[in-house]
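Copied over from TrEMBL:
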REGION    1-33  region 'Disordered'
COMPBIAS  1-32  compositional bias 'Basic and acidic residues'
TRANSMEM  52-73  transmembrane segment
TRANSMEM  161-178  transmembrane segment
TRANSMEM  184-202  transmembrane segment
TRANSMEM  269-285  transmembrane segment
TRANSMEM  316-337  transmembrane segment
TRANSMEM  349-370  transmembrane segment
TRANSMEM  422-441  transmembrane segment
TRANSMEM  466-483  transmembrane segment
TRANSMEM  489-507  transmembrane segment
TRANSMEM  519-536  transmembrane segment
Amino acid sequence: ILEEERPPVELRQRKKPKSSENKESAKEEKISDIPAPERVPKHVLFQRFAKIFIGCLAAVTSGMMYALYLSAYHERKFWFSNRQELEREITFQGDSAIYYSYYKDMLKAPSFERGVYELTHNNKTVSLKTINAVQQMSLYPELIASVLYQATGSNEIIEPVYFYIGIVFGLQGIYVTALFVTSWLMSGTWLAGMLTVAWFIINRVDTTRIEYSIPLRENWALPYFACQIAALTGYLKSNLNTYGERFCYLLMSASTYTFMMMWEYSHYLLFLQAISLFLLDIFSLKQNDKVYEVYKIYIFSLFLGYLLQFENPALLVSPLLSLVAALMLAKCLQLNVKKGSFVAKIIKVINFYLVCTLTITLNIIMKMFVPHKENGHMLKFLEVKFGLNMTKNFTMNWLLCQESLQAPSQDFFLRLTQSSLLPFYILVLIICFLSMLQVIFRRINGKSLKETVTLEDGRIGERPEIIYHVIHTILLGSLAMVIEGLKYIWIPYPALAMLLLELWDFFHFSRWASSVRTVALILSMAVPTIIGLSLWKEFFPRLMTELMELQEFYDPDTVELMTWIKRQAPVAAVFAGSPQLMGAIKLCTGWMVTSLPLYNDDDLLKRNENIYQIYSKRSAEDIYKILTSYKANYLIVEDAICNEVGTMRGCRVKDLLDIANGHMVCEEGDKLTYSKYGRFCHEVKINYSPYVNYFTRVYWNRSYFVYKINTVISFQS
């Protein structure tokens, strides 16, 4: 009887309403999933909060202290506050002078709209040329700085130059804070961030050019790039909650777009980052959606940047757009196959080939249909740099002779080794790379990977943010080994070396005794502390010595030249000379010039080469025709260029001009063309015919000789 009554009881239980059944089952699951004894104790929560609070405080403090350090160092180096306005402006050299001059023009404009119009239709800078200075020179930082200066009422409190450099120093503080956060996210301890900041400041010569050229575009842009990398690092983490993921996504979107607007070469750096994410997508199975969300940010930033940069064609023909478009198309063509199967491996190989082919094809098509002239000289430079082509062109050879565009010197590696950065970096990079290879080998064998990898698992190669950083730093480091100027983008990656603090997990792989874990925890805290104390003892006295030394920027010849121009030269006069000096004249006097120290415009590059002919072996008549073709009224000859004694044979301006003009043999088999004229910059100083027929010396000092270009030629015997 009992056996016969048991089924009806079971049937009655199944006939209960579904809603109540679901509620009861849900309650049972909650009770089983989150038992009361496993709740996080309050003291653990307090420890986590204290750790986060101390880390955030240390990050912000590090950034503020670095900004104050830069301000104090700049004051002591140039004795800035005790200088007159003209002497302060002379400290901005080359293209930095051009950027700051447009900031001054914006402050002098009757309104913001009028100032922007004058910059976008500028015909008062370069003779016989109307340029869109905002687009061509990426003057958005100057526009923002001028608006903030006037909107905040700072014109009644602080001088324009202090407001301008203060913003740049503040951005450098944000730069350091972003590096701190990146290191913290990857290592799991804020001590790593402190060590990253220490290495960044100690290697300041190789990490930034802020102390030499404050208004450079990279000084405005790289802090936003550092914020973008920090947000991307957090976004790629597997154990990130929903709110943290949204915050990282929004910060990444804003910083990517801002970075693209601040620097004309930003899309090339983002292209390298996109390559790193593409390789991450190949090596990792769990981050496809996140990686493609980043691609969407690239597309949005390129589209919005194209519109707000006056339909800049360089963004349409950029390799970044072609790569992202190819990746999106390849994603649409991907097949759903079983993970780890032989077919999946074949699909991955086909996908890689497809993306590479589509990227090249799309870029060629875009360049065929989109008219562009931007950065065409860069490709020619790279061809000559890597030995794919030979040229006697003055501009190309002059660029190749620039120190920042050559391979790193031995001193560069010695400096990084002395600060212990390079040895730690290489050690950690090797370990991380080997861990990546281990993960790839596991995937090839069809072994599954963990859904979520934590620091305690010891499998660093399975963490997507680590894979990304390893690939990205290898790409940047490879380029820095070819072009030294890229070290300012690569060296701030000591954050990767901070992973050493968690590499002790390799000892146990979650299987060793708890005592080993305790030793690993102690070592992870002791290692950065010991390194930090040793760096403090060795390098902190040097930093204090730099702040205590009162230096002085002394250039009386340039001050006298600018003073003479402002007092004696007509307002409508046009000056010709080296591009670097022309930038200073534009800033300090406001007079029109024939050329500018900018290298992203073919016409300006041609002008620079033609004006530099004043240091070649050309006749007075040839130089006169060149100068009058640009409506120049005054010529300035610099004694430092004319009598230059360079350390590198064949890299002096006059040597490069002789090579371009055939007056010097640079290769075997070249024919030497003897010039019957002496070097113009020497001959014009002697004041004899025919030079005095075309040029009249009106001013000179120890460094500069100013000649008025005669409008009426008087032939004298």
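Just so it is clear, glycine is given a Cβ too, placed from its N, Cα and C backbone atoms.
The transmembrane segment (269-285) makes no contact with the transmembrane segment (161-178): fewer than 3 of their CB pairs lie within 8 A, with pairs spaced 6 or more apart in sequence. Note: the stretches the transmembrane segment (316-337) and the transmembrane segment (349-370) are in contact (3+ CB pairs below 8 A, sequence gap of 6 or more). Cβ atoms under 8 Å from those of the transmembrane segment (161-178) belong to residues 59-60, 62-64, 66-67, 70-71, 74, 85, 88-89, 100, 103, 145, 148-149, 154, 197, 200-201, 208, 210, 214-215, 219-220, 222-223, 226-227, 229-230, 492 of the same chain, restricted to positions at least 6 beyond its ends.
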